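First up is the structure itself, then whatever we jot down about it.
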Amino acid sequence: MTSAHTASAPAEAEPQLQTPLTHRSLPRRAAPAVLLVALLAGLGLRLAGLALAWSAILAAVGYTVAIYSWSRAVEGTRKAFDRMVTAIVTSAFLLALLPLVSVLWTVVDRGSGRFDSEFFSYSMRGIVGEGGGAHHAIIGTLIVTGIAALISVPVGMLTAIYLVEYGRGRLARYITFFVDVMTGVPSIVAGLFAYALFELFYEAGVRMGIMGSVALSVLMIPIVVRSTEEMLKLVPNELREASYALAVPKWRTILRVVLPTAVAGIATGITLAIARVIGETAPLLVTAGVTASDNFNPFDGRMATLSVFSYNEYRSPGVPPEPSFDRAWAAALTLILIVMLLNLVARLISRLFAPKTRA
Amino acid sequence: MAKRIEVKGLDIYYDKFLAVQGVSMTIRPKAVTALIGPSGCGKSTFLRTLNRMHELVPKARVEGKVLMDDQDLYGANVDPVSVRRHIGMVFQRPNPFPTMSIYDNVAAGVKLNSKRMKRADLDDLVERSLKSANLWEEVKDRLGKPGSGLSGGQQQRLCIARAIAVQPDVLLMDEPCSALDPISTQAIEDLMLDLKSQYTIVIVTHNMQQAARVSDVTGFFNLKAVGEPGGLVEIDDTETIFSTPSNRATEDYISGRFG
Amino acid sequence: MPPTTEKTGTRGAPLRLGDRVFAGASTGAGVLILVILAGVAAFLVSEAWPAVTAPSEEIPGEDNIVLYIWPLLFGTLLSAFLALVIATPLAVAIALFISHYAPRSVATILGYVIDLLAAVPSIIYGLWGAQVLAPQTVDPTQWLEDNLGFIPLFDGPASATGRTMLTVTLVLAVMILPICTAVVREAFLQTPRLHEEASLALGATRWEMIRMSVLPFGRSAIVGGAMLGLGRALGETMAVAMVLSVSGDVTFDLISQANPSTIAANVALSFPESSGTEINVLIASGLVLFIVTLLVNMAARAVINRRRDFSGAN
């Protein structure tokens, strides 16, 4: 079968040609079996006293080496390499899940200790040692982030509208470029900017809630611009043209046709932007500062926020430190719950209102 | 090298959806077999089951047998990777690897299979493959340039060169000319007539004239009814199909009454 | 040249009041962004200037400003670079797992899980790094010192608290992983099916298909994602401030008690207790950080955009 035509066909070593389609291959359940052995070995190491993480890593390495050598002996190098890459890629993924699980578990475990009604109804005024709460910090976080949103949402949305509906030429290119640049501004630099700005008008060492809002706005505006821009671009041009054809002026077209079509996506983007900045610590540390008491006036003096509260409890604990650490973790838990809630809300918004775009 | 393929009672599924039902046919070696039929009748789907590309779609599967010289392609120990190594495929749109040079594109498949090949042998192989694909004269001075710089027709011939460089037993072509201009189409059709002395060729085409020009055997696929699975209506020598088909639907289709 | 007239007023038609107001407002918002950014630069420069001209006895440590910032810049670059070295291969592997290995239904959920990592506030990574991860690293770092001590990175003496540069880089790596993964995953998912099938039809295994079509297609996304991650790591403040034990030494030793701080962490730690010229010095260091991240992010954007052009041309 081969001899007649190989003369004209390209020459190549053809060891497999007699039984071309079947290879010697590992038994069907080879991979799960090896995996099971590796897991049992890992469990053994764990029981022998090795830390969980190290046992898991050793089990993964053991599995990879075992499946590679076995497959190489039976199936050849190509198949073996493929199996090895599969093992590596999968273990790398699991490895990356490890810190996430550890972070979430620790926050819930250590945070739930002080996650009580006192924590939500008391400030730290006059508290030494146990007790006290983050009432002032929770309200402060809401105020600071709320004002930041009030600044960022209009500016961000209008900029996005400019870029999508009006922007042509050099100005639009500059704005697009600098929005990208702004996305990368380190949060601490945003804080220093807000400080430097307010120091011009007030005395040195000034701390106010509104400064924190300004700093957060610098971080939030580019996120709002980006997400709104993406959503506006998804609105089909036919809709705009249909509206123009009815002699609706451009600004009404944008307000009545374009924005309502994209509203779900925009709302989702804004919610995610809020979730992103509500957990910021560094810019608030240098602007809103730290205080133990309730202060709900953003224009007058220091204002506590959850993240800074958590940092402060960790950084300067009392003696013994445990009550402070517990409060720090409880604040972390509160913060993560707020962030998760916002993410959930964002998904709900996009799911509930999305079908409005029937393009 | 060319091998015979025998399909026995093949049902093709996408998850629970039966797309093609009950196909049985024999594909002759060293001949061009054309599959024609209206859109959505499952001829491309069927083609992709011949080298097990079909199962790349999640949950897609087949029932039945596909035998290549008495070896079942869907047998227990059969590795889909080696099936594809022996049954090459050319796609509807030319798809040379954009980051590789013309030379590397042709050598890509061979490099997978035999890592240690002498440079001179590889040069030789690339030259012969490109010559077989009638492309050598046009590209011999720019083998190091990217394949994406070629014209559409040249790219498609490059893909054919790439497919035959690994010496497949069978060559599947899924509407290889539908994205090409008439002159490039002509070049590919000439190439098919050259290649059939060495390979078993199966081509799916929308173009009945093309089937009449290049194929020795023609199979007609059709949907039994709207919502029903597609299937093979009849298969016969091309001449017979286009002059005296035995089935009424075939006659209607080739005379342009539907499709 | 007000751009509002460029498009809406093409035929010289008079603009309606509503249009003029709306166009003006949105243009103004866009310009405001430019003003803000110019303001960031201008205020930082004006507040940093006194530190440059100040006599050295007013600089903390009584050095000149360059000698003050240099160890911080070194620490910033070292920690961010090492975090990148750890995170990039992991990000590529995770992106591959999600795009080409996991079953499709699972892949979507996994995408959410990775995005969840991105949503966790940095203060939480800081707490976790300081109180959970750092103690875990004590024994392994001791082992590194005993067995690999001849490598300068593991010179030791190993820290007894685990608040080392090594721990910081691990925390930073975990923190930048989601952003790197997101960029790379996006590119991998967009690999044209045609190219994947081309390699599979040649008889490529899954890995060979990835090497032939997916990785070349995603190459610049990998570079771009890595550099975005680098930008994040350079500016990360809290995790470093909370984990690292700082001495101001310039050293490559990753496992000892004596570490250079980073610019961002140093600002967070020193700012609340600073006054006068000290504040100007800190702002000057912030300006340096701003410029470094600016350069890195611009490079990252350029690489990512080039990929976009490339794939659009095909």
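From the backbone N, Cα and C atoms, a Cβ is placed for every residue, glycine too.
Remember, TrEMBL labels are computer predictions, not curated facts.
Fair warning: this is a prediction, and the values are worked out from it, not measured in the lab.
Taken from TrEMBL as is:
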{"type": "DOMAIN", "residues": "C:73-300", "note": "domain 'ABC transmembrane type-1'"}
{"type": "TRANSMEM", "residues": "C:21-45", "note": "transmembrane segment"}
{"type": "TRANSMEM", "residues": "C:65-97", "note": "transmembrane segment"}
{"type": "TRANSMEM", "residues": "C:109-128", "note": "transmembrane segment"}
{"type": "TRANSMEM", "residues": "C:164-184", "note": "transmembrane segment"}
{"type": "TRANSMEM", "residues": "C:221-244", "note": "transmembrane segment"}
{"type": "TRANSMEM", "residues": "C:279-300", "note": "transmembrane segment"}
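The stretches the transmembrane segment (C:21-45) and the transmembrane segment (C:279-300) meet in space: the count of Cβ pairs below 8 angstroms, excluding pairs fewer than 6 apart in sequence, reaches at least three. Using the rule of three or more Cβ pairs under 8 Å, pairs at least 6 apart in sequence, the transmembrane segment (C:164-184) is in contact with the transmembrane segment (C:65-97).
The transmembrane segment (C:109-128) shares the most Cβ pairs under 8 Å with C:221-244, out of the stretches C:65-97, C:221-244, C:279-300. Here the transmembrane segment (C:221-244) has long-range neighbours at 76-77, 79-81, 83-84, 87-88, 91-92, 122-123, 125-127, 129-130, 133-134, 163-165, 167-168, 171-172, 175-177, 179-184, 186-188, 259, 261-262, 264-265, 267-269, 289, 292-293, 296-297, 299-301, 303-304, 307, meaning same-chain residues at least 6 beyond its ends whose C-beta is under 8 angstroms from one of its own. Taking Cβ pairs closer than 8 Å, the transmembrane segment (C:65-97) reaches residues 51-52, 54, 59, 110, 114, 165, 168-170, 172-177, 180-181, 184-185, 188, 210, 214, 218, 222, 225-226, 229-230, 233-234, 236, 240, 248-250, 252, 254, 259-264, 266, 281, 284-285, 288-289, 292 in its own chain, all 6 or more past its ends.
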